[in-house]
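Note sheet for the following structure.
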Amino acid sequence: MEQRNIPAHVAIIMDGNGRWAKKRGLPRIFGHRAGVQAVEKIVSHASNLGVKYLSLFAFSTENWLRPEDEVSGLMTLLSEFVDKKFSDIIEKNIKFIVSGRLMELPDEPRSKVLKLIETSKNNTGMVLNLALNYGGRKEIVDAINKILDSGIKEIDEKIFSDFLYSPEVPDIDLLIRTSGEMRISNFMLWRLAYAELYFTKTLWPDFDEKEFDKAILDYQKRDRRFGMTDEQIKRGKI
Ligand code: FPP
């Protein structure tokens, strides 16, 4: 793996927890629990590799439609994740942020998450961006409403992106989706514009450091042109 060509922003759609549990004859929540362990491994590994931003799709605005016990189970896992990883995140100099409508989350996970955001806000290492109660179209509509409220009459791409959730988060370089589905599923639509897409059949709970390295190696073989010609890229247009 080339150390100098590590994607700055890696985003992951962590899919397949339910199928992982089903294969073992277990309730779905066991798959999510195993999924959290994969999250822990990948956060630490990405930070060690020098990834600058890691965005993880943990809960979509549509996930509220899942059975009540699954939703409450996911919220409990979120609270436990924050409790368990709090000091580790601070120690690793990771800045923890959330993209999504955090105010609609239940009190307990919301207050734990807010405390970690506040405590880690001056950290200068990797930014861990957890997409919680996140929808890509909602993010765009929320941005437009904020722009209308601000009284700004004319925008360009730069101004628009300043109104997205967590505006410090740049465009995505590499999107990984596990479990064999080949969809974007309303994830970070604006920032995916020029992302390289990587799909693997591996279910999220089985996704580990080796699988992550495979995705990075694949990315490093890609030829990114951002709509330009090879010649322009060589002349250093970007
Ligand atoms: C998709 O699997 C996964 C989710 C909807 C949630 C992702 C959540 C986690 C990895 C655990 C929570 C994370 C944190 C950081 C607390 P699925 O249930 O759609 O799987 P399936 O398609 O096989 O049914």
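Numbering starts at 1 and runs along the chain as displayed.
Note that Cβ sites are derived from N, Cα and C of the backbone, with glycine treated the same way.
DSSP assigns ASP15 (active site) to coil in the three-state reduction, outside any helix or strand. The active site feature in TrEMBL is assigned to ASP15.
The active site, proton acceptor annotation in TrEMBL covers ASN63. ASN63 (active site, proton acceptor) falls within a helix when secondary structure is assigned with DSSP.
For GLU196 (Mg(2+) binding site), the Cβ neighbour count at a 10 Å cut-off comes to 19, with all displayed protein chains included. The Mg(2+) binding site annotation in TrEMBL covers ASP15, GLU196.
The substrate binding site annotation in TrEMBL covers 16-20, ARG28, HIS32, 60-62, TRP64, ARG66, ARG177, 183-185. Counting every protein chain shown, the number of other Cβ atoms lying within 10 Å of the Cβ of ILE184 (substrate binding site) is 15.
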- Query: Under a threshold of 6 Å between Cβ and any atom of ligand 1, which of the recorded positions ASP15, GLY16, TRP20, TRP64, ARG177 are retained?
  - Reply: ASP15, GLY16
- Work out how many Å separate THR61 (substrate binding site) and ASP15 (active site) at their Cα atoms, rounded off. 15
